[in-house]
Amino acid sequence: MKTLLLTLVVVTIVCLDLGYTRICHKSSFISETCPDGQNLCYLKSWCDIFCGSRGERLEFGCAATCPEVKPGVNIECCSTDNCNPHPKLRP
């Protein structure tokens with residue numbers, strides 16, 4: 001009887017949705033689970049003094065709200081897992 005009860009408890013815990021967390025790219029090839037409350041992924045890009053030789057600077061991450069757009073900075077926000085890949089790695 002105890003085994004049956006323990007089995008039911010384990011199955012219940014496994015089947016419960018204990019809260020979903022977003023997974024976003026943190027770099028070109030690494031993804032991480034976002035902290036609670038941060039359900040958006042973003043990709044921020046901008047040019048610095050090396051833009052001509054190295055290309056745009058990129059910042060990947062998670063956010064609760066889409067970061068504020070500033071002059072010279074492009075920001076893309078999305079709300080599905082790993083939706084913020086490196087621009088050259090997009091399908």
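Here the Cβ of each residue, glycine as well, is placed from N, Cα and C on the backbone.
In Swiss-Prot, Cys24 is paired through a disulphide bond with Cys41, chosen from Cys15, Cys41. Swiss-Prot records a disulfide bond between Cys47 and Cys51, which is the match among Cys34, Cys51.
Between Cys62 and the candidates Cys15, Cys34, Swiss-Prot records the disulphide pairing with Cys34. The C-beta environment of Cys51 (disulfide bond), restricted to residues of the same chain at least 6 apart in sequence and closer than 8 Å, consists of Arg57.
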